[in-house]
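Report on the following structure.
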Amino acid sequence: MIPQALLFVPLLIPSLCLGKFPIYTIPDKLGPWSPIDIHHLSCPNNLVVEDEGCTSLSGFSYMELKVGYISAMKVNGFTCTGVVTEAETYTNFVGYVTTTFKRKHFRPMPDACRAAHDWKIAGDPRYEDSLQNPYPDYHWLRTVKTTKESLVIISPSVADLDPYDKSLHSRVFPSGKCLGITVSSTYCPTNHDYTIWMPVEARLGTSCDIFTNSRGKKASKGGRTCGFVDERGLYKSLKGACKLKLCGVPGLRLMNGTWVSIQTSDDIKWCPPDQLVNLHDFHSDEIEHLVVEELIKKREGCLDALESIMTTKSVSFRRLSHLRKLVPGFGKAYTIFNNTLMEADAHYKSVRTWNEVIPSKGCLKVGGRCHPPVNGVFFNGIILGPDGNVLIPEMQSSLLQQHMELLESSVIPLMHPLADPSTVFKDGDEAEDFVEVHLPDVHKQVSDVDLGLPSWGKYLLMSAGALATLILAIFLITCCRRANRTKSTQRGHRESGGKVSVAPQNGKIISSWELYKSESETGM
């Protein structure tokens with residue numbers, strides 16, 4: 001039953017070139033018809049590995065996505081904000097103390113932030129102490145500033161990891177996106193100038209636990225790898241594959257949307273940005289199992305039809321429809337012309353809509369043109385009805401289309417949410433509502449003598465002091481001059497002595513002040 005199961009993935013591969021699932025296969029090239037015997041009929045071999053000529057199988061190990069892998073990978077992290085709490089204390093002349101608390105920010109260092117986070121997670125008692133405001137100090141007639149630098153740790157802060165480019169997405173990032181954590185850059189900037197985001201685990205690889213190791217068989221021909229048989233026995237071709245990294249792991253995105261870490265020496269181009277990877281979930285596996293069962297039934301139906309032909313020695317158009325090749329590639333086409341069994345080499349292609357096969361009434365499109373019927377008969381059981389319509393006896397199971405629709409709707413999305421900076425604090429005052437300080441570093445500054453006056457009061461006081469000093473200087477200078485004048489007068493009197501004479505009184509000359517005084521007293 002394994003060969004029948006191998007039909008599944010090859011059936012999907014060509015259809016995904018167009019991004020759709022095939023509902024039918026029709027020859028795009030049809031060789032000349034030649035009569036054959038009934039014993040030459042055979043069920044088609046739908047193994048792509050044989051179509052490509054890759055018959056050399058060798059065991060190898062590869063990685064693929066885990067079953068049940070969820071596209072939204074969450075990365076636990078935390079935010080770290082640098083906060084400076086300042087206590088300003090002033091003691092006035094009478095000893096009254098006034099304390100004012102202020103909060104500012106600074107840019108934190110990533111290493112210090114991770115150490116602070118470890119303190120908080122470990123429940124270190126120093127963390128509780130760091131939640132307090134700095135203890136204010138005071139000095140008489142002086143302003144004392146006491147500051148404490150703290151690292152605010154807010155956790156958890158969860159970001160989404162994009163596996164395609166390892167970018168991180170969160171509303172706290174500028175434009176909603178961070179290009180990821182690398183060896184040289186261990187943090188992401190945020191909408192707040194003094195806040196950074198860091199993952200709890202330094203290595204993002206721990207968040208990319210989406211792979212599983214598997215073993216399969218690599219199919220090659222002459223050193224060229226054509227495809228491989230996976231762990232479940234399904235063959236997957238490398239035709240149309242492109243290079244794609246998931247979480248930094250190099251691999252290939254196959255045309256059916258699956259991803260494997262297979263390495264090949266062939267020159268394969270990188271995938272364009274719109275090439276996504278299909279999820280590998282339980283629902284997909286369940287439908288895949290139903291599809292495989294359906295394909296096995298078709299294989300069994302082909303063998304039953306062939307057995308009936310061999311037993312009854314008769315062929316009908318309906319039975320020939322079972323011999324049609326179900327996957328694109330080289331095969332055979334059968335028909336009956338004039339009661340003669342005919343065979344032709346054909347190359348089948350997949351079609352998505354019936355309009356590709358029957359573009360107009362009575363037209364069966366083969367190789368870009370309407371194929372002419374012979375007596376109302378085309379090939380592979382396709383005939384022209386009495387009303388002129390083309391009648392195709394079979395079509396693919398609806399389960400196949402259901403499976404492809406599931407794959408197309410379940411892809412790993414590229415997440416580009418729009419960041420709303422207004423939802424994140426921008427001003428320093430808003431940060432006080434949710435900060436939790438950490439790692440205190442207390443500093444104290446003592447100012448010069450301060451009378452507690454405002455700036456204009458200080459200038460007024462200085463002007464008054466200068467004016468008082470000027471008045472005092474003038475007063476002192478004036479006093480000094482008067483004292484000097486008195487001293488000089490007295491010194492002159494002492495130097496003149498008895499030589500001093502006065503105007504005569506009553507015709508007498510008074511020789512001295514003492515004589516004048518004595519005479520005055522005698523006269524009295």
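Every residue gets a Cβ built from N, Cα and C, even glycine.
On a predicted model such as this, the values are computed, not experimentally measured, just so you know.
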Check for me: which candidate out of Cys302, Cys363, Cys370 does Swiss-Prot give as the disulfide partner of Cys43?
Cys302
From the set Asn338, Asn484, which residue is assigned the annotation N-linked glycosylation site by Swiss-Prot?
Asn338
Of the candidates Cys17, Cys113, the one sharing a disulfide with Cys80 in Swiss-Prot
Cys113
Cβ-Cβ distance under 8 Å, sequence separation of 6 or more, same chain as Asn338 (N-linked glycosylation site); the residues meeting this, in order, are Val374, Asn375
According to DSSP, collapsed to three classes, what secondary structure does Cys480 (S-palmitoyl cysteine) have?
helix
Measuring Cα to Cα, how many Å separate Cys43 (disulfide bond) from Asn256 (N-linked glycosylation site)?
25
Near the Cβ of Asn256 (N-linked glycosylation site), how many other Cβ atoms are there if near means within 10 Å?
22
Students should find that the Cα atoms of Cys242 (disulfide bond) and Cys113 (disulfide bond) sit apart, in Å rounded to an integer, by 41
What is the separation, in Å, between the Cα atoms of Cys363 (disulfide bond) and Cys247 (disulfide bond)?
50
